[in-house]
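Structure record follows, encoded as structure tokens.
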Amino acid sequence: MRARPSLRRAAGAVAVVLVAVVVGLALGGALSGGGDGDGARVQGGDLAALAHAAPAAGGSTDFSPGAARSDPARGVAIVARGRSSSVAVYARPGGPQLRRVQRRTVDGARLPVVFSVLERRGGWLKVELPVRPNKGRGWVRARDVRLARTPYRIEIRLRDHRLVVFAHDRPALRAPIAVGRAVSPTPTGRYFVADLLRPPNPTGFYGPYALGLSAYSPVYTRFAGGDGQVGIHGTNTPRVLGSDVSHGCIRVSNATVTRLATLVPLGTPVRIRT
């Protein structure tokens, strides 16, 4: 494994955009996608190479007052961003605290905590968590976060090797993908985009961008120094698209991952199904 150079900030970040959470990537939580069966050589055996990638600005997220009014008929999802350095998560409204999700700082970059919102009950929000175990949920105080909404959602169809992005429930992007092998499957279920990274080599194994998900490998609890986080990333071997070759990550073409990076904001729901 190569020595880790300093984290570089992505240029041109939009102020209202979540400045790409790197929770689980830059601080030891590397995505589990590399060292796959197509013969490509990967530094560190997974996305540990992304530990020295730059945070990147993604699709726009509006955190202005009133932006988070839910509109289920139009397929709008609600995103929450922590207001402070950590957010307390509770078992139920007014119940015992389960944990705190911490905002981390990497090479001076302050990394916000992001949740996907499932329900609002008075001054409480039921949220999906960006940490293990998969599909973890809890309640946070509404006053502890800022809310926004996104019209986008991503659907991953493993058997069809297909990614579809919906905007207001209408298909906006379709693309072929490569997914996990039988011994290291891509986990199914509902997740969300938690991170956006720009690898140091845009033509390398991971392409120009990688989107870290709130999903984690069911096989690798520790993997090459990381915690088995699953992501969507580019590739320098597009011939593998349409096959099962990875340790759990979802590979797309570099053109597709670039489009995703500029289109969908952090917090965008991701449904992975067979």
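Backbone N, Cα and C atoms are what each Cβ position is placed from, and that goes for glycine too.
As the structure is a computational prediction, the values presented were derived from the model and not from experiment.
According to TrEMBL, the feature active site, proton donor/acceptor maps to HIS233. Around the Cβ of HIS233 (active site, proton donor/acceptor), 27 further Cβ atoms fall within 10 Å across all displayed protein chains. Annotation note: HIS233 (active site, proton donor/acceptor) sits in a strand segment as assigned by DSSP.
Secondary structure from DSSP puts CYS249 (active site, nucleophile) in coil. Of all Cβ atoms in the shown protein chains, 32 besides its own fall within 10 Å of the Cβ of CYS249 (active site, nucleophile). Marked as active site, nucleophile by TrEMBL: CYS249.
The annotation domain 'L,D-TPase catalytic' is assigned in TrEMBL to 152-273.
Spacing of CYS249 (active site, nucleophile) relative to HIS233 (active site, proton donor/acceptor) is 8 Å (Cα to Cα, whole number). Secondary structure of the domain 'L,D-TPase catalytic' (152-273) per DSSP (helix as H, G, I; strand as E, B; remaining residues coil): 13 helix, 56 strand, 53 coil.
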